[in-house]
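Colleague: Pasting a structure here, questions to come.
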């Protein structure tokens, strides 16, 4: 018992370490991106370029892991699946990163995190539009509560910027489409992508999508002589983004999606607090806190409803499976009884033509039992 207790404590400690690493990396990547892009600090106001660096680095690492080191195997990807599934998902993925990173140029990290509370609302609306979710009153009113909270929080924002808010909301909408398309296009085809295979297939395609707006919007400005480029800054930034992707997968695999949602809520509060300390120009008002609290309560209720639906569906599956097993057992018993009766009537060869494909197998497996049947 002492050994089991020690192992349990070690497992719990390891889980807490994973959660701490996830929260640290998630917060660190956001704050790092803000520092790099902000004109007040590192002064590299090129969000598309930064996103392309992330995609190139992640795609390159994924290629080495799959093709060179062979850590994981690539899935069976046909040209049709790639063009009809991976390409649109990559387009929305690129758009979500582009718009989300551009928002750092105009609004604070704290306000961005508050706007991200709209993510369940956007995902629900897109899912209802695509037919993967049904419009329900309880979920609808939760979405209304989240939206009201975000509106109150936006009204209380001191440095409210329309353009930055539009960029962030557009990034949220693009991410919602990406999530729903991943479910509709890939999961319905039986394809599942882990972080490495996801980056292997999606990152290069996203890089191509980002190249067009980069060439039009940022390339001319980057030719200015005052533009600085520090290799180690961008290398460490891309490495943190890649590590965050892997840590999310590890935390979900060890704890589940529910735990990572709770950890995400804690991370948001921590990130809002840290951003006000690290970036003094970012200020939080009482109305910000009230609005975000209202929105967060709606998000928590939404998560509770999703968890409850999953548990109800699991409880429904268990009786259904039990019923199917009983029906199969009864069918097998009936087939065996009919087989036995036929054998004792000396008509085995004639009766086999009336059985289904499994009848001969059931018959041969029950020879010893048939031999014990009394005359």
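Glycine residues also receive a Cβ, built from the backbone N, Cα and C atoms like all the rest.
Any TrEMBL annotation is an automated prediction that lacks curation.
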Colleague: Which range, 44-69, 252-277, does TrEMBL list as transmembrane segment?
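Modeller: Residues 44-69 are the ones TrEMBL records as transmembrane segment.
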Colleague: Can you dig out which of the ranges 178-197, 198-217 TrEMBL describes as transmembrane segment?
Modeller: 198-217
Colleague: Taking 229-251, 321-343 as the choices, which stretch does TrEMBL tie to transmembrane segment?
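Modeller: It is 229-251 that TrEMBL describes as transmembrane segment.
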